[in-house]
Structure formats: C-alpha cells, structure tokens
Amino acid sequence: MERALPAPRDRSEPIFPGGPAADPAGSHHERRIRSFRPRRGRVTPGQGEALRRLWPQWGLDIDGLRRIDLGELFATEAGPRPDLPVLLEIGFGMGEATAQMAAADPGTGILAADVHTPGQGNLLALAERNGLDNVRVANGDAIILLREMLAPASLSGLRVFFPDPWPKKRHHKRRLIQPEFIELAATRLKPGALLHCATDWEPYAEQMLEVLSASPAFDNTQADGGYTPRPDFRPLTKFEGQGLDKGHLVHDLIFRRNDT
Ligand SMILES: C[S@@+](CC[C@H](N)C(=O)[O-])C[C@H]1O[C@@H](n2cnc3c(N)ncnc32)[C@H](O)[C@@H]1O
C-alpha cells in the first residue's frame, strides 16, 4: 500500500505561525558571503511556545525593507521610548549572557540579532521570565539590519561576542570583523559609543585588533593599544565556556567611536 508523503514545507514559511520568518530578507538583500550558517536547529517545546507567543510583541524580522524607529521598537505599555540608548548585539547564541546584561542595565535597550531559532526562543523566554522590557530579538543577517534598517548614528553601542571564528583559510572571508563591516558599523554608531568584541580564537583576535586599530573612526580604549582585560560586566557566554574548556585564551577588545 502506498503511503502519502507529507507535503514538503515551504522553506520561506515560519515554522511557528506568527513567529520568525525562515529567510526574512529573501533574495532582496542576498549576500553571497555570509558570516553564519542557517541554523534552525531543534527547538524545544518551551522555546517554541515562547516564539509563538512573544515573537509578535518582541520579535523583528530583518527583511531589509524598512527603517526602524528604535523608540517605537522598544515601546512599552507606557508608550515609545525615544530617549532610550540602544545597543546592538550580533550573534547572541542562546542569549543567556544577553539576558544577564540586559537585567543589569534596565535603562538600555538591547537589540539582539541572530539567525538561530532555538536561541531566539530561549532569549524571549528568558526576557519574560526575568521581567525584562529592554530586550528585542531580531531574526536574520545583522549586516542587513545595520545597512538597511538602522539610521545613521542611532546606536549607543555594538557587541560582538565570540563571532564564528571560521578557522579554515578559505573561510576567512566569512569572518564578521573585516574593514568593510567596521566601516558600516561606524556609520550606525553615535560618537562615544563603544564597540566591544570578544573571541577565544587567537588568530581572529589578532585580526580584530588589526582591523579596529586601522580604522580612523575608532580609538582603542586601552592606552597601550592592546586587548582589554576581561570586564566584570560581561558574563561568561556559552561559546566562551566551550573555548575555555579547550584551553583557549579569551581576548576582549573595546574601541570607542570617535567624532570623525
Ligand atoms: C559562535 S556563536 C557565539 C554565540 C554567543 N555570542 C556565545 O558566545 O555563546 C556566533 C553566533 O553568531 C551568529 N551570527 C553570525 N553571523 C551573524 C550575522 N551576520 N547576523 C546575525 N547573527 C550572526 C551565529 O548564528 C551564531 O549564533
């Protein structure tokens, strides 16, 4: 007896009705070289429930089709918050460190971007459980978010913690921290805003230091022009823990956007 096969899922459709889109920017803003692999991953029932319920309120698909008003994005029942300083975190993974930093700094909005569906559900659930009204979760390529959807000089900070190291030489072009990305980031940051990167991959740390030091738009907060000692306010991230278990050294880099 022939068994009917389930209809193939349209890959552009969200897995969760009303949840994050599978490919929010579609071919409008196709970037050939991406710094991430598409990561749908296995979503737990709790993460799925959080995505279904909280995405419409706190989620943002990076479709590259409109400019975002950050005051509106971070609106609460009391109304929009046009004066809220907003930091962008690119690649929050499972979001534990993001939620901890948001809880420690309720007067700052955290716009957290990743493509990782289970992590998006996890961060939404953490935000709700901890009563955080200063976290918004963006789904898709953060480069499209920066380039198409954020206004010039709109961000008060940028965090890139443990970006994919892409260790193979032929993959180096996929690394996020490159001169072109830093130039774009500089246009979206306010003067005085901090760009904070961390990595456990030594050659990538060296690349970050080189690229950031060469940018006329940023000044190293370290007078000696080197790495920043690990700041207390950055919690241990999941990826960092895995790197430390392997004996990797972790480097932080904190640069300030100057007036140029
Ligand atoms: C190595 S993981 C680190 C996650 C987390 N920061 C941690 O330390 O545990 C890097 C994350 O960055 C995300 N990512 C890489 N490039 C991205 C991009 N252009 N836009 C959004 N997310 C990106 C990946 O999906 C992945 O979840």
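The backbone N, Cα and C atoms fix where each Cβ goes, and this holds for glycine too.
Under the heading region 'Disordered', TrEMBL lists 1-32.
Positions annotated as compositional bias 'Basic and acidic residues' by TrEMBL: 1-13.
All protein chains shown were included, and the count of other CB atoms within 10 Å of the CB of ASP164 (S-adenosyl-L-methionine binding site) stands at 18. The DSSP secondary structure for ASP164 (S-adenosyl-L-methionine binding site) is coil. The feature S-adenosyl-L-methionine binding site is assigned by TrEMBL to GLU89, ASP114, ASP141, ASP164.
Annotation comment: TrEMBL describes LYS168, ASP200, THR237, LYS238, PHE239, GLU240 as substrate binding site. Other Cβ atoms within 10 Å of the Cβ of LYS168 (substrate binding site) number 8 in total over all chains.
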Entry from the binding-site residues list ASP141, ASP200 having the most other CB atoms no farther than 10 A = ASP141
Ask   = Including all protein chains displayed, how many Cβ atoms other than that of GLU89 (S-adenosyl-L-methionine binding site) lie within 10 Å of its Cβ?
value = 26
Distance [Cα-Cα, Å, rounded] between GLU240 (substrate binding site) and ASP114 (S-adenosyl-L-methionine binding site) = 17
Request  = List nothing but the one residue from ASP114, GLU240 whose Cβ has the fewest other Cβ atoms within 10 Å; the candidates are the binding-site residues.
outcome  = GLU240
